[in-house]
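All remarks here apply to the structure that follows.
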Amino acid sequence: FSALMADQNALIGCLATFLCVVCYGTTFVTIKKFETRDGIFVSLMMSVGQLIPCLISSFAYSMPSVFRLAILSGVCYALANSCSIFIMERVGMAVGGLVWNVVTALTGWAVARFGLFGTPVQHPARNFVNIIGVVVLCLGGFIFTFVRSNPITTRPGPYYQSESIESPIVGSEWQISHKTGKERMQMRMRIIALGLAVLCGFLYGNMPTPINYLLAEHGKGSMGLSPHSGAYMLSFAVGSILTSLFIFTAYSLLCQNLPFINVETAIPSLLGGICYGNATCLLFVAMEHLNQVIAFPICSMAPGIINTLWAVFL
């Protein structure tokens, strides 16, 4: 692992960080104007979309191989992403994004800084400055939640099920006719959404952990492992697709084989997935050249600024 750090290039790391932030912040822009409801179908299509850049990344380093441990990175992403739209529908993109981005930044930083889950400890050159930087990023993300954005009109999607059949995930509150009961249900759903946002942040924050562990094992002399994080991107995509398929299947069974699918979101979701896949590949490049304790908090919090700018100007 220390040998990898010797090949660091700060310019490449900064460029990768900037492009990563732009791509992460643009991921949901293509989907915003379409009805997604619970977002399970969107999450599945995004997982399929990110296979393209991940496969290209794996080919760039070697003949693509699937590493079982690296699949867990994709599992973490898919579990968190399947809840993202539900959270944004319940508490809003600003609040939901703030909660999971702060938890993501702190989790990813702590894992690298203290060497959690078997990963190597990464000591920044100036520890105090690094801590101050993480705090400033979190405060900056909090301030940006107060920026007013133009409301986006969502175009209703074509329905393939009776209006009387509501999604078991997000439709239950509309079945309550009494106003007080409806308000209580909304409050409960907001609390659940905030709890899920914290869980999503923990999962997003640990997304690089399995791959970083494999990189560290290669540094210790383990055979069959690549010294480049890009070689593990195919495994990441495989884990994401398999987990998203499992979630979509369970969701369809829960809906009695009547899942909500807005066909108009298919291509926008694929484009969002391609954007997210590019961002993830760039994230690992940034962490290789700047260290995770520096690059990860920036790539976790700064996309919220890009997202806010899109919301203001769209």
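Glycine is treated like the rest: Cβ placed from N, Cα and C.
Annotated features, as they stand in TrEMBL:
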TRANSMEM  6-29  transmembrane segment
TRANSMEM  41-61  transmembrane segment
TRANSMEM  67-87  transmembrane segment
TRANSMEM  94-116  transmembrane segment
TRANSMEM  128-147  transmembrane segment
TRANSMEM  191-211  transmembrane segment
TRANSMEM  231-254  transmembrane segment
TRANSMEM  266-287  transmembrane segment
TRANSMEM  293-313  transmembrane segment
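In terms of C-beta pairs under 8 Å, the stretch of 6-29, 41-61, 67-87, 293-313 lying closest in packing to the transmembrane segment (94-116) is 293-313. Highest Cβ contact count with the transmembrane segment (191-211) among the listed stretches 6-29, 41-61, 293-313 falls to 293-313 (criterion: pairs under 8 Å). For the transmembrane segment (41-61), the most Cβ-contacting stretch among 67-87, 231-254, 266-287, 293-313 is 266-287 (pairs under 8 Å). Sequence-distant contacts of the transmembrane segment (6-29) (same chain, six or more residues past either end, CB-CB distance under 8 Å): 46, 93, 272, 275-276, 278-279, 282-283, 285-286, 288-291, 295, 298-299, 302-307, 309-310, 314. Most Cβ pairs under 8 Å with the transmembrane segment (231-254) belong to 67-87, among the candidate stretches 67-87, 266-287, 293-313.
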